[in-house]
Amino acid sequence: MTWLLGYVKVTDCTFTAAVLCIFFNPLFWNVVARWEHRTRALSRVFGSPYTACYCLGLIILLLNFVRSHCFTQAMKSQPKLEDLDSLFSYCVGLVLLGIGTLFVLSSFLALGFIGTFLGDYFGILMEAKVTRFPFNVLDNPMYWGSTANYLGWSIMHASPAGLLLTALVAISYAVAMQYEGPFTEEIYRQKQKAAKSK
């Protein structure tokens with residue numbers, strides 16, 4: 001990753017905006033979702049955990065659109081990497097974009113809107129862990145699919161800035177997974193414990 005720094009102007013305002021969005025988004029949804037799990041404040045304000053979850057989901061989607069826009073603007077404002085600017089690289093990027101989109105959309109279809117956007121933190125629990133595709137291929141397919149999308153997009157645009165930002169996306173998701181995974185498992189462990197005690 002350090003060799004990319006030689007090709008990227010990290011002080012560019014569009015690059016800085018992209019970095020801030022990349023790290024802010026997972027921080028935001030994790031902090032808000034844990035706060036909701038602890039206090040049920042959003043559910044009370046909106047009168048329903050479902051309505052609250054849908055509102056948070058829409059905000060997360062909006063933030064993701066802003067992040068993608070900032071990511072694209074950062075790539076456009078920086079020079080291309082000539083060695084990566086070829087038809088072959090473009091096709092590789094297109095394949096990665098296709099794979100990433102497949103994982104993101106299939107994850108969404110498997111989990112539904114509520115499952116995708118942290119419904120378990122709102123007390124809306126699924127009956128059982130989803131194990132069908134793409135969850136039978138890898139853990140956290142939506143995060144890795146999203147990362148593949150950014151990587152493919154960066155390669156298609158022969159963008160060193162995009163490659164560096166993609167690495168930051170992967171890091172931010174890896175950190176988020178370290179917090180989300182155990183917390184979600186604990187929520188379902190408590191559900192099972194409550195069901196057994198009845």
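FYI, residue positions are counted from 1 along the chain as it appears here.
Note: Cβ is positioned from N, Cα and C throughout, glycine not excepted.
Predicted, not measured: the structure shown is a model, and the values here were computed from it.
Topological domains recorded in TrEMBL put Ser43 on the same membrane side as Phe117. For the S-adenosyl-L-methionine site, whose annotated binding residues are Gly98, Ile99, Gly100, Glu180, Gly181, the maximal Cα to Cα separation is 26 Å. A Cβ distance under 8 Å defines the sequence-distant neighbours of the topological domain 'Cytoplasmic' (179-198), meaning residues of its chain 6+ beyond its ends; these are 30, 34, 37, 120-121, 125, 129, 139-140. Per DSSP, the topological domain 'Cytoplasmic' (179-198) is made up of 18 helix, 0 strand, 2 coil.
The Cβ of Gly181 (S-adenosyl-L-methionine binding site) has Asp139, Asn140 as same-chain neighbours under 8 Å, each 6 or more residues away in sequence. Other Cβ atoms within 10 Å of the Cβ of Glu180 (S-adenosyl-L-methionine binding site) number 21 in total over all chains.
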